[in-house]
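Enquirer: Not my notes, these are from TrEMBL:
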{"type": "DOMAIN", "residues": "1-64", "note": "domain 'CTCHY-type'"}
{"type": "DOMAIN", "residues": "65-106", "note": "domain 'RING-type'"}
Amino acid sequence: MAEYFCAQCKFWSNSTEEIFHCAKCKMCRIGPQNRTFHCTDCNACMNKDLYNNHIHIENTLKSNCPICAEYMFTSIKNLTLLNCGHSIHTECLEYYIKGSHQCPICLKSIGDMNLYNQKIDFILSNNLKLYKDTDIWMCEISCFDCKETSKSFYRFLFNKCQICKSYNTRTGDVYKE
């Protein structure tokens, strides 16, 4: 005889993990029900730590993982909700952040980039002589974090958004001042 049976799903399980049925998801979920809530805006069950503490994206889990392409809504793998509101498998994120600090969907910074930005500021301030001939060049910058555009002195690498101070930018037109 199974340890768990769900009459709605006709699901039997002998798993040692806690399982509960979410009527709004219309499926059984793994994990303690008292640590979970169903976000009606996102249409997904989430950890209670995210209650009033996440960006709502409708049906955020009803998509494929941007790394492994597995459908996340029915996945039994752990998921991570990024600051931008997009979801990704936790193990895929651990692999992905070894090579990128941007959300693979919207390109916003994945985490707190303050220390990274401070390091770049330090490097650039100690290498000003490298840029002495470039101060006549300006560029248009599109920021992935604040979604704004600004103008700045052109640098071959690390063009800083003048609005949110992020280096998570794309350089557009370059022109002489």
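These residue numbers are counts, starting from 1, taken along the chain as shown.
Note that Cβ sites are derived from N, Cα and C of the backbone, with glycine treated the same way.
I would like each feature placed in context: is it buried or exposed, what are its neighbours, and how far apart are things?
Expert: Here the domain 'CTCHY-type' (1-64) has a mean pLDDT of 85 out of 100.
Listed as Cβ neighbours of the domain 'RING-type' (65-106) (distance under 8 Å, sequence separation of 6 or more from its ends, same chain) are residues 25, 27, 30, 44, 46, 50, 54-57, 113, 116, 144, 168.
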Enquirer: With helix taken as DSSP H, G or I, strand as E or B and everything else coil, how many residues of the domain 'RING-type' (65-106) land in each class?
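Expert: Here the numbers are 7 helix, 8 strand, 27 coil.
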